[in-house]
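Peer 1: Below: one structure in structure tokens.
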Amino acid sequence: MSGRELGVLNALDVAKTQWYHFTAIVIAGMGFFTDAYDLFCISLVTKLLGRLYYTDITKPKPGVLPPNVQAAVTGVALCGTLAGQLFFGWLGDKLGRKKVYGLTLMLMVVCSLASGLSFGDTPKGVITTLCFFRFWLGFGIGGDYPLSATIMSEYANKKTRGAFIAAVFAMQGFGILAGGIVALIVSSAYDHKYDLPSYKENPEGSIVHSLDYVWRIILMFGAVPAAVTYYWRMKMPETARYTALVARNAKQAASDMSKVLQVELEAEEDKLHHIVDSENQKYGLFSKEFAKRHGLHLVGTTVTWFLLDIAFYSQNLFQKDIFSAIGWIPPSQEMNAIHEVYRIARAQTLIALCSTVPGYWFTVFFIDYMGRFAIQLMGFFFMTVFMFALAIPYNHWTKKENRIGFVVMYSLTFFFSNFGPNATTFVVPAEIFPARLRSTCHGISAAAGKAGAIVGAFGFLYAAQSTDPKKVDQGYPTGIGVKNSLIVLGVVNFFGMVFTFLVPESKGKSLEELSGENEEGPEAIEMAGSARTVPV
């Protein structure tokens, strides 16, 4: 322990893994579980919304959402998330992690319920209110990103901190899985009650008005896990690093952590004043000093997250098309409305189970051995390789006998995004910035990621359309085709690899070491006559 470090922070750094670490993972992780459920469950019900509100029974195929409506329904929550990450990230540094944490959770509960209670039964009324509430739901979800990561990193010890933050993020995999399972249960129940003909056999009979409840139940279920953890979130004490280094209350920090760690800790007020009054604690986000010390780090965390999410979210869009191409989901006219929900949910659940969930947990187990840098570089490298391996012989993969190979390659791309940059881009920004700017910088990095998600989700919705006007989805202009889209994504991942070199390795160091908060200010160094230079 350096003479400059507060005893309470050192106690957290060297604490053995104990019960409170796991409760913190579960409390922060349930927020993430809910985030993933809410963001990804919409892709399960968009086809159903198209059938219910946009079907013209004189046409040979059931209705689909028009391109602009499809883009709004799937993308509005991402826009809300981007805004929420910036706003709540900043607020988390101003008011404290705990206060803001409860606020984001309430917003998520209320908006999850409200998104299932859309007004009116006209397509316009339903879609407008659905989009309105999903924006604010996204806003709440956005707050969860910087706060969950910051709280977990500030509670963890330095030896297993990477694994703990990654474990919070890994709950996202279970959230995606839960979305698929809830959709499977709801659609099976409705299928048993109404034995409907396919659209081809009887266009009118393949849709019943009460199927309107299906998508509402799936969306509203997202409120349950968030509501369950609200009480526990409110009981969690504020993190010691915020209380001491930002709120400057050594006594409170020591008493909070004494309860958590179950050891006696003294409040070192003199030492705290010495630390918080040094020059290292004064520079702001837009200062030259910040640019000098952390400017490149912030560029590294924002750009890598931006590039990763372009690839990650565009993959989710390809899912339905890929499943159709390989025959997991038959043409829409050959199914009734409920079978379609069931098939899409089944496909998403299988992908989550086989590649998404295992990828996250590989990161949890290896991050504190391999380090963040190695995992991120490796992930981007393999994503680049698999994207090109899918793209270049694309025509080979579309043939019936090669379909299983295609699914395996596609799953591996997903596996290496989760055992790779999808997890590390979340972990690193919560570790390398000073406490008073930590939540803000994580919010900025995460918001850059969501900007990438919006590019991935919208850009590729149009780009992946066929170059042949006859094969284009209803209402879309021609695009560059799936093959060329995959090549573009391969290039995006390659640049992710390049920008990873700007991000420092944070394995095994304390947060104060990484952010430079323990260093003496320049004046103190001169006074001490020390020749030690201040690291940039």
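Here the Cβ of each residue, glycine as well, is placed from N, Cα and C on the backbone.
Note that TrEMBL annotation is computational and uncurated.
Fair warning: this is a prediction, and the values are worked out from it, not measured in the lab.
Annotation comment: TrEMBL describes 514-523 as compositional bias 'Acidic residues'. The feature domain 'Major facilitator superfamily (MFS) profile' is assigned by TrEMBL to 24-508. The region 'Disordered' annotation in TrEMBL covers 512-536. TrEMBL lists 20-49, 69-88, 100-119, 163-190, 213-232, 349-367, 373-392, 404-423, 443-464, 485-503 with the feature transmembrane segment.
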Peer 1: Report yes or no: does the transmembrane segment (100-119) come within contact of the transmembrane segment (373-392), defined as 3 or more CB pairs under 8 Å with a sequence separation of 6 or more?
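Peer 2: In this chain the transmembrane segment (100-119) does not contact the transmembrane segment (373-392) - fewer than 3 Cβ pairs sit under 8 Å.
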Peer 1: Report, as numbers and ranges, which residues of the same chain sit near the transmembrane segment (485-503): CB under 8 Å and 6 or more residues beyond its ends.
Peer 2: 296-297, 299-301, 303-304, 307-308, 310-311, 314-315, 318, 372-373, 376-377, 380-381, 383-384, 387-388, 390-392, 394, 421, 428, 432, 460, 463-464, 479
Peer 1: For the domain 'Major facilitator superfamily (MFS) profile' (24-508), provide the mean pLDDT of the predicted model.
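Peer 2: Value for the domain 'Major facilitator superfamily (MFS) profile' (24-508), mean pLDDT as a whole number: 87.
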